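Novice: This is the structure, below, for whatever I ask next.
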Amino acid sequence: MVVSLLITNIGQLLTMQGAFPRRGKAMSELGIIRNAAVAIDGDRIVAVGAAADLEKQCGPARCPVIDTHGALVTPGLIDPHTHPVFSTTREDEFEMRLQGKSYMEIAQGGGGIRRSVRDLRSTPVSVLLAKARLRLDRFLEHGVTTIEAKSGYGLSTESELKQLEIIRELDETHPVDMVPTFLGAHEFPDEYRENREGYIHLLIDEMLPAVAERKLAVFSDIFCEEGVFDNAQSRRIQEAALKHGLKLKFHADELASTGGAELAASLKAVSADHLVYISDNGIAALAASGTAAVLLPGTSYSLGSKKYAPARQMIEAGVVVALSTDCNPGSNNSESLAMMMSLASVQMKMTAAESMSAVTVNAAYAVGRDDIGVLAPGKLADLVIWDAADVRELPYHYGVNLVRTVVKRGELAIVCD
Ligand code: IZC
Ligand code: ZN
């Protein structure tokens with residue numbers, strides 16, 4: 001066996017082998033091997049198993065070795081919903097919400113997404129690249145090795161392409177891998193407030209074809225919400241995206257119950273995200289269609305809401321549940337999936353094991369990938385060595401970074417000791 005790196009003396013190795021994706025009780029199964037090792041060659045895993053066996057085959061004399069001294073090792077975490085390319089932050093809006101203003105009131109006053117759009121349009125690419133790169137560094141430091149990344153702060157053909165090209169450049173030059181999503185339907189920009197139909201035409205006739213022709217996105221997403229894109233508009237735009245070969249994601253039922261989950265399921269979307277106000281019908285529809293529910297508890301937290309998505313009901317109904325940060329300048333500015341796991345435990349009653357499935361295998365499913373989120377021969381060698389011995393420590397020991405070492409595509413990307 002040719003091995004370029006052996007990681008051994010692992011106390012608790014979560015291989016996540018087993019059902020893909022995980023539903024219901026299977027979300028608690030983590031494919032655990034104790035006293036384990038992982039053998040890597042190049043960017044791939046070649047073997048996982050008992051440390052004693054793998055050390056015999058490729059011991060310290062024959063390849064570089066990392067001794068984790070009994071640590072917890074997991075796949076690199078996957079964040080299936082982020083808005084990482086933006087210019088300035090919006091901490092003033094965070095404070096306005098503390099004083100009682102709602103997210104939608106701020107948006108209707110010209111703040112919110114439209115403010116980030118004005119910012120992005122007037123910021124040079126070099127500055128946007130530098131700012132986004134720092135966010136990717138932070139994701140990596142927190143154990144995240146792949147993110148889904150949305151446009152949506154351009155809202156003109158030129159600026160949406162600019163944002164997607166930045167995502168492509170970062171994917172090529174930063175260790176964190178990115179799955180690009182076109183989110184031209186994030187809002188109606190300032191110049192189309194009185195001509196919403198005109199913006200929908202621009203999306204369908206110009207933006208989607210331009211994005212598809214340049215192969216700049218895998219997914220098309222939409223903010224399907226009261227006061228933004230209604231269900232009929234969302235269906236038209238997403239049906240056009242399907243014709244261009246894009247797969248679908250939805251921001252659905254975040255601030256009100258509008259039937260967004262049912263719409264996503266009827267269009268066989270890969271994921272429906274947020275779902276704080278999902279209906280019982282919506283839950284049944286997602287379970288039946290196999291559309292993943294990407295839950296973003298940090299958004300409820302940062303919006304100061306007491307209402308979280310009904311994760312337990314979804315898990316019990318057999319919905320594929322994933323977790324994400326929603327990292328964005330408005331409703332949740334965080335790069336820590338471990339913090340989201342902690343919120344998922346306390347606020348949504350998900351166990352540590354369920355949360356781990358939600359940020360590995362199920363998150364991989366939600367971004368349309370099966371080569372990540374699992375530690376098995378042939379999969380990408382993306383993994384995290386934690387300053388913890390048991391997965392239950394992650395949601396419990398919160399608000400600090402427990403990541404010790406991150407291996408990305410077989411290379412040491414972060415080393416804290
Ligand atoms: O910038 O406010 N909800 N999109 C939908 C967002 C939040 C991002 C933002
Ligand atoms: Zn979002």
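Cβ from N, Cα, C; glycine included.
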Novice: Of the candidates H142, H251, H397, which does TrEMBL annotate as part of the Zn(2+) site that also includes H81, H83, D326?
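Specialist: For the Zn(2+) site that includes H81, H83, D326, TrEMBL also lists H251.
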Novice: Using only what TrEMBL says about 4-imidazolone-5-propanoate binding by R90, Y153, E254, S331, identify which of H174, H186 is listed for that site too.
Specialist: H186
Novice: Measuring CA to CA, name the entry from the binding-site residues R90, Y153, H186, N328 that ends up nearest H83 (Fe(3+) binding site).
Specialist: N328
Novice: Can you tell me how the residues of the domain 'Aminodeoxyfutalosine deaminase/Imidazolonepropionase-like composite' (36-56) break down into helix, strand and coil by DSSP?
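Specialist: In the domain 'Aminodeoxyfutalosine deaminase/Imidazolonepropionase-like composite' (36-56), the DSSP-based counts are 6 helix, 13 strand, 2 coil.
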Novice: Hey, of H81, D326, N328, G330, which of those binding-site residues are within 10 Å of H186 (4-imidazolone-5-propanoate binding site), Cα to Cα?
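Specialist: Cα filter at 10 Å returns nothing.
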Novice: Return only the integer: C-alpha distance in Å from H81 (Fe(3+) binding site) to R90 (4-imidazolone-5-propanoate binding site).
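Specialist: So the alpha carbons of H81 (Fe(3+) binding site) and R90 (4-imidazolone-5-propanoate binding site) sit roughly 19 Å from each other.
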